[in-house]
Amino acid sequence: MSPAHRAPRSRSRCRCPARTDRHVSYSRPSVCPDEGVRVQIDPAATAWLLASTALVLLMTPGLAIFYGGMVRSTGVLNMIMMSFIAIPVVTVTWLLAGYSLAFGADAGGGLIGNLDHLGLANIDLTAVRSNVPELLFVTFQLAFAILTAALVSGAIADRARFSAWIVFLPLWTLLVYAPVAHWVWGPDGWLTTFGALDYAGGLVVEIVSGASALALALVLGPRIGFKSEPMRPHNLPFVLLGVGLLWFGWFGFNAGSAFAVDGKAAVIFLNTLVAGCLGMLGWLAVERVRDGRPTTFGAASGVVAGLVAITPSCGFVTPIGAALVGTAAGVVCSFAIGWKFRAGYDDSLDVVGVHFVGGVVGTFLIGLLAAEMVSGGPAGLFYGGGLTQLGKQSLAIVAVALFAFAVTYGIGKLITVTFGFRVTREDELAGIDFTQHAETAYAEGVHGHQHKRPGVQ
C-alpha cells in the first residue's frame, strides 16, 4: 500500500501513541486532536510531490501520442482526443465528488468514502495530509484518475462515438475508479484492512483499466475488418515517442508515491527503470525466438508491460526482484496480446493484454518477491513470508477485476441503449476522424491508409 495514497503508519503526522488514520480528520488534520501538536508540512516531500504530479500529468499526453501512433491514420485524431478530453472531464468530476468518494472518511464497510468533501468542501490552504498540503494530495490523485480513464479508451479505438465517451467518463470515474481507490488506498478501505498491497496502482490503475477495457470491447463489439484486415500502427515513431514520455512520467507515478525524499524513493526510482528495461528485453527475446526478428513496436510494448507490472510492487521488491517482475511481464504480455484473436474480443490497442495482464503479474508477484528490507512490512514467499500474502494478493486481483468489469459493462450497456455508444457502419468505414471531428490528421493520404471521406477535399 503506497504511503502516497494513505498516511503511512510508520511516519505519523502527530505523536499520538498507536495512532491510526481514523484518529485524524482529513479535512483539518493540521492539528493533532489528541495532543494539540501542530502537524508540519514537509518541504522536501511537498517539492517532490509537486514535481511528481507534473510528471504524472505528462503521462496522459504521452499516452495520447502512444495510442495515436498505434491506430490507423483514419482514427489518430479521435484516439488522441479521447485521451485529452479525459483531462477536463475527470478533473471536474474529481473536484465535485470523486475525491470525496475515494479519499473521504469511510462511509461504511470500507466500500466508499463519505460526502464531506463534495466540491472540495472542508479543504483549505491549511489542510494537511501525509505531511503535504491536502490540495496537492488531491491533485496528485487526480492525475492518477485521469490517466486510468484515458487508458480504457485504447480498447474501443476507431468505433466509439466521441459524445458517448464524454458521457461515460464521469460515470466511470464515480462508479468504478473512486470505489476501488477507496478499497485499496483509503485507510479504512476493505482491501487495506484485509492486507492486500498495491504501492502505486497495479490494482487501482492497471487492473481496473484492463478489466474495464475488456467490458467495453465486448459491449461495442469488434471493428469492421477485425481478424480479416491488417490493422497495423500507422506511425511507429509516434509510438516510441509516446512510450518515452510515459516512461519519463512513470518515475513520478511510482517514486512520487513514496511521499518522501529518502532511500525508499530511490529504490522505487531504480526499480522503475530496471523493470522497464527488462520488460523490453523479455518481449524482444520472445519476438526473436517466435517471429525471427525483434520489432520497434515490441520494444515499446515491452517497456510498458514492465512498467505496468512494477507499479504495484515498486515499493516492496529489491532491484533484482524488479528485474524478475519486468522480465515476467515482458514475456507473459507478449503472448497475452494474441488472446483476443482466439477469444474473439477486439481489444484494439492491447489494454487487456498489457495493462490487465501486466497488472495481474505485478500484483501477484508481490506475494512471492516482497522483501521486508524494502517494504518494511510483509514478506513474500521467497523471503520467508509463507503463502499468506500471496493469497491476499490473489483475492484482491479477483475482487477488483470482477467489480470493474461488471460495473463498466453495465455503464456501457446503459449508454448503448440510451445515447448509442458505437458509430454507424458508414461513419466507421469513412473514417472516425472526419465523421466525429470534421478533420483529418494528414493533408494527404499515408501510404496504405486511406483517410479522406469519399468526395471530400
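Backbone N, Cα and C define each Cβ position, glycine as well.
Note that the structure is predicted; figures quoted are calculated from it, not measured.
Residues or ranges marked as domain 'Ammonium transporter AmtB-like' by TrEMBL: 47-442. Confidence annotation: the domain 'Ammonium transporter AmtB-like' (47-442) carries a mean pLDDT of 97 in the model.
For the transmembrane segment (47-69), same-chain residues at least 6 beyond its ends with a Cβ under 8 Å from one of its own Cβ atoms are 4, 76-77, 79-80, 82-84, 86-87, 132, 136-137, 139-140, 143-144, 146-147, 150-151, 153-154, 157, 233-246, 248-253, 255-257, 259-261, 265, 300, 304, 349. Marked as transmembrane segment by TrEMBL: 47-69 (among others).
Note on the transmembrane segment (76-97): residues 60-61, 63-65, 67-70, 115, 118-120, 138, 141-142, 145-146, 149-150, 153-154, 157-158, 160, 162, 165-166, 169-170, 173-174, 178, 234-235, 432-433, 436-437, 439-441 of its chain, located 6 or more positions outside it, place their CB under 8 angstroms from a CB of the stretch. Feature annotation from TrEMBL assigns transmembrane segment to 76-97 (among others).
As annotated by TrEMBL, transmembrane segment applies to 135-157 (among others). With a threshold of 8 Å between CB atoms, the same-chain residues lying at least 6 positions outside the transmembrane segment (135-157) that come near it are 4-5, 46, 49-50, 52-53, 56-57, 59-60, 63-64, 67, 70-71, 75, 78-79, 82-83, 86-87, 89-91, 94-95, 98-99, 102-103, 120, 123, 125, 127, 129, 165, 169, 172-173, 177-178, 181, 201, 204-205, 208-209, 212-214, 216-217, 220, 223, 253, 256, 346-352, 355, 408.
Residues or ranges marked as transmembrane segment in TrEMBL: 164-185 (among others). Same-chain neighbours of the transmembrane segment (164-185): 1-2, 5-6, 82, 85-86, 89-90, 92-94, 97-98, 101-103, 106, 110-113, 141, 144-145, 148-149, 152-153, 191-192, 196, 198, 203-204, 208, 212, 396, 399-400, 403-404, 407-408, 411-412, 415, 419-421, counting only residues six or more beyond its ends whose CB sits under 8 Å from a CB of the stretch.
Tertiary neighbourhood of the transmembrane segment (197-221): same-chain residues 1-2, 4, 144, 147-149, 151-152, 154-156, 159-160, 172, 176-177, 180-181, 184-185, 191, 253-254, 257, 268, 308-309, 311-316, 345-348, 351-352, 354-360, 362-363, 366, 370, 375, 377-378, 389, 392-393, 396-397, 400-402, 404-406, 408-409, 412-413, 416, 421-422, selected by CB-CB distance under 8 Å and a gap of 6+ residues from either end. Residues or ranges marked as transmembrane segment by TrEMBL: 197-221 (among others).
The transmembrane segment annotation in TrEMBL covers 233-253 (among others).
Outside the transmembrane segment (265-286), and at least 6 residues removed from its termini, the chain residues within Cβ reach (under 8 Å) are 48, 199-200, 247, 250-251, 254-255, 257-258, 294, 298-299, 301-307, 309-310, 313-315, 317-319, 321-331, 333-335, 374. Summarising the annotation, TrEMBL assigns transmembrane segment to 265-286 (among others).
Taken from TrEMBL, the feature transmembrane segment covers 293-310 (among others).
Residues annotated as transmembrane segment in TrEMBL: 316-339 (among others).
Feature annotation from TrEMBL assigns transmembrane segment to 351-374 (among others).
As annotated by TrEMBL, transmembrane segment applies to 394-412 (among others).
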Selection from 233-253, 293-310, 351-374, the stretch that has most Cβ pairs under 8 A to the transmembrane segment (316-339): 351-374
